[in-house]
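*Asks:* According to TrEMBL, the record shows the following:
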DOMAIN    16-75  domain 'V-ATPase proteolipid subunit C-like'
DOMAIN    96-154  domain 'V-ATPase proteolipid subunit C-like'
TRANSMEM  12-34  transmembrane segment
TRANSMEM  55-75  transmembrane segment
TRANSMEM  95-117  transmembrane segment
TRANSMEM  129-154  transmembrane segment
Amino acid sequence: MSTFSGDEAAPFFGFLGAAAALVFSCMGAAYGTAKSGVGVASMGVMRPELVMKSIVPVVMAGVLGIYGLIIAVIISTGINPKAKSYYLFDGYAHLSSGLACGLAGLSAGMAIGIVGDAGVRANAQQPKLFVGMILILIFAEALALYGLIVGIILSSRAGQSRAE
């Protein structure tokens with residue numbers, strides 16, 4: 001008769017972390033792309049010559065999904081219970097890694113979308129605002145980068161729970 005230690009459920013939490021990283025980051029990327037894309041389309045009606053210059057927020061929002069993909073791949077390659085024991089500590093480390101990256105990507109996407117929408121519309125009326133808009137977008141993107149870094153650090157903690 002085997003006893004249930006809880007570690008049998010550990011891969012569930014690991015895979016949940018991989019899914020959370022990808023889903024939340026892509027939600028942020030989608031929101032940022034849609035919101036700033038509406039601003040680009042609206043601005044492009046009056047100033048079509050500025051459309052290519054105003055695509056920057058859309059590109060920056062798209063990068064957020066890549067951050068989630070990176071963490072999801074790192075997490076999923078670290079889950080192989082047949083090759084190496086995978087404990088609850090490892091599952092929780094991967095879950096927290098995915099949530100850190102995913103939720104940071106979601107919040108950054110919301111910020112990029114709002115700033116991108118307002119920024120490209122304002123840039124159409126006053127071109128001197130372009131540099132300020134880009135700086136704000138960079139700081140918003142940095143939020144997702146922080147989540148990626150913390151996610152990598154947390155994911156690297158998996159496998160350090162017990163000496164084998």
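Just so you know, glycine gets a Cβ as well, placed from its N, Cα and C.
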*Asks:* Over the domain 'V-ATPase proteolipid subunit C-like' (16-75), what is the model's average pLDDT?
*Replies:* 94
*Asks:* Mind checking how the domain 'V-ATPase proteolipid subunit C-like' (16-75) divides into helix, strand and coil residues in DSSP?
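*Replies:* Going by DSSP assignments, the domain 'V-ATPase proteolipid subunit C-like' (16-75) contains 57 helix, 0 strand, 3 coil.
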